Amino acid sequence: MTHTASKTPKFWLTITAAAFILLITIGMRMTLGLFVQPVVNTTELSIAQFSLIIAVFQLMWGISQPLSGALADRFGAFRVLSGGAVLLVCACLIAPNIPTYWGLMIAVGLLLAFGTGSGGFSIIMGQVAAQVPAHKRGLASGLVNAGGSAGQFLFAPLVQGLVVLPEVGWTGTFYVWGAIALLILPVSWWLAGGNNAAHTQHAQATHGQSLGEAVKTAFKTPSYILLHLSFFACGFHIAFLVTHLPTEVALCGLPATVASTAIAIIGLANIAGCVFSGWCTSRVRGKYVLFGLYASRAAMILIYIFSPKTDLNFYIFAAALGFTWLATVTPTASITGKLFGTRYLATLFGLKMLSHQIGGFLGSYIGGIVITQFGDYGWMWYADALLAGTAALLNLPIREPRTAA
C-alpha cells in the first residue's frame with residue numbers, strides 16, 4: 001500500500017465500517033449499568049445478583065476476545081462478526097422473555113457477552129491493522145476507537161430514555177437493541193467480507209509461524225506481560241465505574257438522568273480522547289502515551305473522591321475521565337503490533353482484552369459486594385485510584401520497538 005493509500009475510498013470505507021461496528025457493540029457494553037436499577041426494581045433480583053450477571057458478562061466478553069480473534073485468524077473475520085450479530089439478536093430476545101436470574105445470566109452474561117465480543121476490539125483492530133499502511137495505523141486505530149466512544153455517547157441517552165417509558169421499559173429496550181444488532185451484518189461484509197482470500201495468502205506468507213508458536217513467543221516477552229498487567233488494572237476500574245456509576249449517583253441523592261448524562265459525556269469526551277491518543281501514538285512511543293493516560297486517570301479519581309457530589313461535578317469528572325476512557329486501546333494495540341507484527345494481532349491483542357476483562361469481572365462483582373455489605377462504595381474509589389496509578393508505572397519498563405515488526 002502506498003503513502004497515498006490513506007486518502008483512497010478503500011481506506012475510509014475500512015475506517016467507517018470498523019467504527020460503526022464498534023459503535024454498536026461498545027455502545028451496548030458500556031451502557032449495561034443503566035439496566036441495574038430498572039431490572040432490580042421490576043424483578044426479584046438484588047443489586048448483588050445483577051452485578052454478578054454483569055461481572056460474568058465482563059469476564060465472558062474478555063474470554064471472547066482471544067477466542068474470536070483466533071477464529072478470525074483461522075476462518076476470516078466476516079464469519080465471526082456475522083455470527084456475533086446473530087448471538088446479539090438471540091440475547092435481546094431471551095432477556096425480556098425470561099427475566100429470571102438464570103435467564104438473564106444466559107442472555108446477558110453469556111450470549112450478549114459473546115455477541116458484543118465478536119465485534120469487539122480484537123477483531124476490529126486486527127482488521128484495521130491489516131488494511132491500512134503501517135505509518136497510519138496509530139491514527140486509523142484512534143479514529144476507529146472513537147466509534148466505540150460515539151456508541152457510548154449515543155446509547156446512554158437512548159437506553160435511559162427508553163427504560164423510563166412505561167410502554168417500553170428495560171424489556172422493550174432489549175428489543176430495540178436486537179434490531180440495531182442486525183445492522184452489523186451488512187457492515188461486517190463491507191469491512192471483512194472480501195478479505196478471506198487475502199487473509200489466507202497472508203497466512204501462508206508468515207514464515208511458517210503457527211498461532212500457538214506466536215502465543216508462546218508473546219508470553220515469553222516481558223513487555224507483553226507488563227501490558228497484560230496494566231490492562232488488568234484498567235479493566236478493574238473501568239468496569240467498576242461503568243457498572244456502579246448509576247448507583248453512586250443514586251446514593252448521592254441525584255436523579256438517574258445525571259448518571260445517563262455522565263455516561264454520555266464520557267463517550268463524547270472519549271471521541272476526542274481516542275483521536276488524540278491515535279495522533280500521539282503515531283508520533284510518541286505508546287508506553288509514554290499509556291503512562292500519561294493512566295496517571296491522569298488516577299489523579300482524576302482522587303480529585304473526585306474529595307469533591308462535593310453535585311451534578312456539575314459528576315459531569316466534570318465524566319468529561320475528564322472520558323478523555324482517557326477507551327484511549328488506552330490504541331497505544332496498547334500499537335505496541336503489540338510493533339512487538340509481534342499484525343498476522344496474529346487479533347489473537348494477541350484479544351488475550352490482553354481477556355486480562356482487561358478479568359479485572360473487569362472483579363471490578364463489577366466486588367463493587368456489588370461492597371455496596372451490599374457497607375451501603376456505599378467507600379474504599380473502592382481508593383482501590384480504583386491505586387490501580388490506575390499502578391497501571392501507569394507498569395508501562396514504563398516496556399521495551400517498545402520504534403518501528404512495526
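Placed from the backbone N, Cα and C atoms, the Cβ positions cover glycine too.
No curator has checked TrEMBL annotations; they are predicted automatically.
Taken from TrEMBL, the feature domain 'Major facilitator superfamily (MFS) profile' applies to 11-403.
Among the features that TrEMBL reports, transmembrane segment is placed at 12-35 (among others).
What TrEMBL records for 47-64 (among others) is transmembrane segment. For the transmembrane segment (47-64), the list of distant contacts is 29, 32-33, 35-36, 39-40, 101, 104-105, 108-110, 112-114, 116-118, 120, 235, 239, 243-244, 247, 353-358, 360-365, 367-369, 371-372: same-chain residues at least six beyond its ends, Cβ to Cβ under 8 Å.
What TrEMBL records for 76-96 (among others) is transmembrane segment.
Positions annotated as transmembrane segment by TrEMBL: 102-126 (among others). Using a Cβ-Cβ cut-off under 8 Å and counting only residues 6 or more beyond its ends in the same chain, the transmembrane segment (102-126) has close neighbours at 18, 21-22, 24-26, 28-29, 32, 39, 45, 50, 53-54, 56-66, 68-69, 72-73, 77, 80-81, 83-92, 94-95, 141, 144-145, 148, 181, 184, 188, 329, 333, 342, 345-347, 349-350, 353.
The annotation transmembrane segment is assigned in TrEMBL to 138-162 (among others).
Here TrEMBL flags 174-192 (among others) as transmembrane segment. Long-range contacts of the transmembrane segment (174-192) within the same chain: residues 13-14, 17-18, 20-21, 24-25, 28, 76-78, 81-82, 84-85, 88-89, 91-93, 95-96, 115, 119, 127, 158, 162, 168, each at least 6 residues beyond the stretch ends and with a Cβ under 8 Å from a Cβ of the stretch.
Summarising the annotation, TrEMBL assigns transmembrane segment to 224-242 (among others).
Within the same chain, residues 27, 30-31, 33-34, 37, 142-143, 145-146, 148-157, 159-160, 164, 242, 245-246, 248, 309-311, 314-315, 317-327, 329-330 sit at least 6 positions outside the transmembrane segment (254-276) and bring their C-beta atoms closer than 8 Å to a C-beta of that stretch. Per TrEMBL, transmembrane segment is recorded for 254-276 (among others).
Per TrEMBL, transmembrane segment is recorded for 288-306 (among others).
What TrEMBL lists as transmembrane segment is 312-333 (among others).
Annotation source TrEMBL lists transmembrane segment at 354-373 (among others).
Residues or ranges marked as transmembrane segment by TrEMBL: 379-398 (among others). Packing against the transmembrane segment (379-398) from elsewhere in the chain are residues 222-223, 226-227, 229-231, 233-234, 236-237, 240-241, 244, 287-288, 290-295, 297-298, 301-302, 304-305, 335, 359, 363, 366-367, 370: each is 6 or more residues past its ends and has a CB under 8 Å from a CB in it.
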